[in-house]
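Here is the structure we will look at.
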Amino acid sequence: MEHQNRHKEREAGLQLSIAASSAWRVLQLGGSELDAVERGCSQCEIDQCDGSVGYGGSPDESGETTLDAMIMDGDTMEVGAVADLRHVKNAIGVARKVIEYTKHTLLVGESASLFAVRMGFPYEDLTTQKSLSMYSQWLNQSCQPNYWKNVVPDSSKSCGPYKRPEKVTCKEEQTTSRSVHNHDTIGMVVIGGSGTVASGTSTNGAVHKIPGRVGDSPIAGAGSYADSTAGGAAATGDGDIMMRFLPSYQAVEYMRMGTDPTVACQKVISRIQKHAPKFFGAVICANTNGSYGAACNKIPGFTQFHFMVSSPLLSQPTEHVVDCI
């Protein structure tokens, strides 16, 4: 099992390296920072990074894969985002079109899919044999784990359909067991030569989520944030908890005050720890001077966080590792 985990980590690292290279190549060829973010994240969507980005992963409670993504321009502060996107594979590409062709920020669900088709994206099935297998296995395990609480029948022992009991007795909230990966979202921050900042995220969300659930990834200030006067940040992990604290926005504000990127990330993680000590999550930070860092919350099975860096000083994307706090 340990060998299998190491193999998965190496594979995920390679996929992230390819994504970072794709983004870096766009900048070298004269593309914009937004172009670089879009290309890097879409590469991960194509490669189905770690099974947690793109099609064919993280089936929801009805067995469907849906996607969330966002992209942000740190010069104009424009954001384009999609959530609960269905039947369209290139979520970050659709998010970019929200900026370019609408006055909106966030489009959701089937309506977001209809928008995508009008923008020229193909309507495709996001289900694969792998996601169907994950879904079948989950059903055979009495739908465990899931994200329900205080319902009948008992969600910790059986599948639904659930409903609220006639008399609610609030139980102490239990932590949902979940497999811990180094990443469950592709988050990217790009700092251009002129200091322009762009950021973005893409994910297929929480495995076996309740249909309609949206996490932190497509929410500006939660999943990522970019401001060309300060820097950029992106988050990965348990979005249901992390989005309550707007960690990416908070990290950028710390950097605006002159805080070192690593310390800014650590302060954000520490803030969430006070309310949810067992949360799974990490944040990456980069300022307009080109300094960068990351931090993560230490829990069993997740003691280090790996992230990729490309810069003029490096001949190729380089993996960095931080110990969780």
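Using N, Cα and C of the backbone, Cβ positions are placed for all residues, glycine too.
Heads up, TrEMBL stuff is auto-annotated, nobody curated it.
As recorded in TrEMBL, the features of this protein are as follows:
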ACT_SITE  T185  active site, nucleophile
BINDING   R213, V214, G215, D216, T236, G237, D238, G239  substrate binding site
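Annotation for G237 (substrate binding site): same-chain Cβ neighbours under 8 Å, separated by at least 6 residues, are D184, T185, F279, F280, G281, A282, C296, N297.
D238 (substrate binding site) has a Cβ environment of 23 other Cβ atoms inside 10 Å.
Cβ-based neighbour count (10 Å, all protein chains) for G215 (substrate binding site) stands at 25. Less than 8 angstroms from the CB of R213 (substrate binding site) sit D60, D84, Y147, G205, A206, D240, each of them six or more residues away in the same chain. Using a 10 Å radius centred on the Cβ of T236 (substrate binding site) and all shown protein chains, the other Cβ atoms total 29. Residue density at G239 (substrate binding site): 28 other Cβ atoms are found within 10 A of its Cβ, drawing on all protein chains shown.
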